[in-house]
Amino acid sequence: MLLGDLRRTHYSKDIEPEMDGDEVTVMGWVHEIRDLGGIIFVLLRDRDGLIQITAPSKKIEKDLFKSIRKLKKESVVAFGGTVQESGKAPGGFEIIPSFLKVLNISKQPLPLDPTEKVKAEIDTRLDARFLDLRKPSVSAIFKIKSRMLHSVRVFLEEQGFLEINTPKLVASATEGGTELFPITYFEREAFLGQSPQLYKQIMMSTGLDRVYEIAPIFRAEEHDTLRHLNEVISIDIEASFVDHEDVMKILENLVVRVIEDVNEHCTDALETLGRTLEVPETPFERLEYDEAVEMVNSKGVPMKHGEDLPRAAEKALGEIMDGYYFITSWPTAIKPFYVMPDEDDPERSHAFDLMYRDLEISSGAMRVHQHDLLVEKIKRQGLNPDSFESYLSAFEYGMPPHAGWGLGAERFNMTLTGLKNIRETVLFPRDRRRLTP
């Protein structure tokens, strides 16, 4: 049925017990129905919560009572009625209905249970994601994610950053390697962008010396774990006339701001998830790479200097370290060509990772801004400088010193929500096995 002139007057969060006697119109989905014979209770769900519709047969019209009795779970309805204070109902109030309009009837049986009384496996949930997202515990994840992204934008704008949009159709790899999705671009081969890194650095040559981007990146990596996806949202910044220490401070202050904002604006969502977020103190603890290797070995996990952190090493660190912390001074040999080596010890670099317990959520570095050194490093990694011609040209005409980082939005949201599976932080995740819905 169509709405006609009917419109919602209140969401669930807008109604309070003090509104006893007020007339309201509410709209949403039939979450649950309890028919006790002479009285029917309907839990109506909207984006903000649940509203109890209480229908006593002796107090409402006979035809209305019959219509309520016929309702099916997850049908879309509009109720009008009178607010009545009730200590037993959600939010301390109930609505005694005066009319019902059924806007759409849901097919039965349901592929999964939005009340969560019957649990479903992750694949079942993702196959029927539109229903899964109706669960309060699932919608809470994305309310927090939305606030996090909003907070990031506000914070970076306050710090003088300009939002940019870089190409997602690219001619070559950002860092070499094979983690690329090839596509046909007219008569040529192109790829989905795996990182905005090179474009961020090119922007440093334009005079727009503080930029950020929040956008999808695509990586055809082999990993099929609870922490990896093939399409994610990356929060990237780049800034000129700064070094790695400066952008690390920006990153830790951003994390603090986000947590403060989520605590302030997402109290209901956090309560739904059973989460209590402590605001971390700054500066975050810093471990040099060499220290991290020693700590990993002390936990009985073999790791050699010069290796990237394997999963076992991350787990070992997570048992020692709590909260957010940086790993700094990574070996130059295992970092990308654009990472600046330490002038006093070229075997070490000005690169860092931000960790949350055993989870890497961000990587960044001071960048190489000298053209000749950059060409040398590209060659040293077995890559052809000719493949980076348009990138390198920006370094020949006045490139300032610069630094930056990329922060994984989904992994960051895992730290806020306490989720263990990154797929749960994406509306419609893409991994090696899933391309729909």
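We number each residue from 1, going along the chain as drawn.
Backbone N, Cα and C atoms are what each Cβ position is placed from, and that goes for glycine too.
Under the heading site 'Important for tRNA non-discrimination', Swiss-Prot lists Pro90. Positions annotated as L-aspartate binding site by Swiss-Prot, on the basis of sequence analysis: Glu175, Arg219, Ser363, Arg367. What Swiss-Prot lists as region 'Aspartate' is 197-200, and the listing cites sequence analysis. Residues annotated as ATP binding site in Swiss-Prot, with sequence analysis given as evidence: Arg219, Ala220, Glu221, Arg227, His228, Leu229, Glu360, Gly408, Ala409, Glu410, Arg411. The Mg(2+) 3 binding site annotation in Swiss-Prot covers Glu360. The feature Mg(2+) 2 binding site is assigned by Swiss-Prot to Glu360, Ser363, with sequence analysis given as support.
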Cβ contacts of Glu360 (ATP binding site) (under 8 Å, same chain, 6 or more positions away): Leu309, Glu314, Asp353, Leu354, Arg411
Predicted model, mean pLDDT over the region 'Aspartate' (197-200): 97
Residue pair Arg219 (L-aspartate binding site), His228 (ATP binding site) - Cα distance, angstrom, rounded: 10
Cα-nearest neighbour of Pro90 (site 'Important for tRNA non-discrimination') within the listed binding-site residues, Glu221, His228, Ser363, Ala409: Ala409
Around the Cβ of Arg367 (L-aspartate binding site), the count of other Cβ atoms that are within 10 Å: 26
Neighbouring C-beta atoms (10 Å sphere around the C-beta of His228 (ATP binding site)): 17
Nearest of the binding-site residues (Glu221, His228, Ala409) to Ser363 (L-aspartate binding site), judged by Cα-Cα distance: Ala409
ATP binding residues Arg219, Ala220, Glu221, Arg227, His228, Leu229, Glu360, Gly408, Ala409, Glu410, Arg411: largest Cα-Cα distance, in Å and rounded to whole number: 19
Helix, strand and coil counts within the region 'Aspartate' (197-200) (DSSP): 4 helix, 0 strand, 0 coil
Pro90 (site 'Important for tRNA non-discrimination') CB neighbourhood, other CB atoms within 10 A: 13
Rounded to the nearest Å - Cα separation of Glu221 (ATP binding site) and Arg367 (L-aspartate binding site): 25
Per DSSP, three-state class assigned to Glu360 (ATP binding site): strand
Inter-residue Cα distance where the pair is Arg367 (L-aspartate binding site) and Ala409 (ATP binding site), in Å: 22
